[in-house]
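> Mind looking over this structure? Questions follow.
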Amino acid sequence: MIGAGVTGLTTAVDLLKNGYKDVTVIGQYIPGDMTAGYTSPWAGASILSFASSKDVRLQEIDTDAHKVFKHLAENVPESSVIHCPGVQLSDEEDQDGEDSCWVRKLYPKFAEIPKDKLPEGSCKGYTFETYTLSVPKYLKWLVEQVTKLGGKVQRVHAIDSLQEVIESSQCDILINCTALGAAKLSDVRDSNMYTVRGQTVLVEAPHIRQQIYRDGKDKVIYIIPRGDGTVICGGTLDTVNKNLNAEPELTKKILENAYKSCPDLTHGQGADKFKIVSINVGFRPGRKQGIRLEKEVRASAVSGKKVTIVHNYGHSSHGYQSSWGCSQRVVKLLNEKSLIAKL
C-alpha cells in the first residue's frame, strides 16, 4: 500500500478484514506528521457527499461509506466519529438538470428550508444529519486498526515509481494511494491531477454542535465541530495558489465569514474574539476525471513475477467521506482477480 493517508489506511483495514495477509502501508508521511504535502491531517472532516446528482458512481461510493461511518458513530466511540446535525446553504440556483438536494436519499433527517427562512443572499438550503470526526484521533485509530489486524505502517523515503516498490518489496499486490504523488511517479505521471489549496482555522468552541456550509460563486464557508471541543472554520478551494504558508488576510476573512454564519462561535462577542488553536494550509488531490479506481498488471523487471496494481487516488475534497466506499471497491477488484484465477 503506497500512501499512508486516510485512503491508504482505510484500504489497508478493509483488505485485512477481508482476509488479505502481510499488508504493509508505506508512506513518506504518516499520521502525526503535519506538513502541507500530507493532505489527510488538514481535513475538516465532515462526512458529506460532494457528488453531483448526475455522478451516480460517486453517489454509490459515498452511500456505502456512510453506512460504515454510521456503524462507527454508533458502535466505535474510540474512532471519534459522531452524529452531527448540519445546515447547507447555497447562494446559487442549480444549473439545468442538476439537483443539489439529491442527498435527501443519503442524509437522515433531511428537510428543505422554506424560502422565507433562508438568510439573505441564499436561494436554497436544507438541514440534515451526518457525521463528523476528530482528524488526529481518527487517523491514529486507523493506524491502530491496521496493526491490530496484523498489518504494518512504515515510513519510507520519497518514492520515484511504482516499479521501484515492485522490485524492492517483491509484493504480489500493490495499491496506489499516492494522492498528489500520482502526478510525480515516473511510471504514472497522471496529468489529470491538480492541487486544491485549502486554508482553515481551528478554534476552541466546545459549545458548537452543528455544522454549517454555505457556498456560492466566489466563496465557500464551513464550520465543522470535531467533537473534541474544537471547530474547523474554512475555507478555500483554490486551484491556482501554491503558497505553503497561511495568508493573514485570508485567515481574517475566514473568521469574519464564520462569525457572520454563526455568531455563537464567540458567544456573540465578535470576529476578533476567537480562541485560535491553529491556522492550517493543505493541498487536496484534485483530479479532472474524478477518482481513479482501476486495476492493471505489471511484472517485475528482475524476476518476471506478475504484480496486480490497483489505483485508488484523486479524491479531491472528499477523501474521508468516500474512503470506505473506495476501499470496498478495491477489495472487489482484487477479488475478481482471485475468482478468475480459480476458474
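Each residue, glycine too, has its Cβ placed from N, Cα and C.
Got these off TrEMBL a minute ago, pasting:
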type: DOMAIN; residues: 2-332; note: domain 'FAD dependent oxidoreductase'
type: BINDING; residues: THR39, SER40, THR178; note: FAD binding site
type: BINDING; residues: ARG284; note: D-dopa binding site
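Distances, neighbours, how buried they are, the whole picture for these features please.
Restricting the average to the domain 'FAD dependent oxidoreductase' (2-332) gives a pLDDT of 95.
For THR39 (FAD binding site), the number of other Cβ atoms no farther than 10 Å from its own Cβ, over all displayed protein chains, is 26.
Around the Cβ of ARG284 (D-dopa binding site), the number of neighbouring Cβ atoms within 10 Å comes to 23.
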> Closest of the binding-site residues to ARG284 (D-dopa binding site), Cα to Cα, picking from THR39, SER40, THR178?
THR39
> Among all protein chains shown, how many Cβ atoms are found within 10 Å of the Cβ of THR178 (FAD binding site), not counting that one?
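Within a 10 Å radius of the Cβ of THR178 (FAD binding site) lie 27 other Cβ atoms.
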> Are there residues of the same chain, six or more positions away from SER40 (FAD binding site), whose CB falls under 8 angstroms from its CB, and which are they?
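GLY5, VAL6, PRO31, VAL135, LEU139, GLY319 - these are the non-local Cβ neighbours of SER40 (FAD binding site), listed in sequence order.
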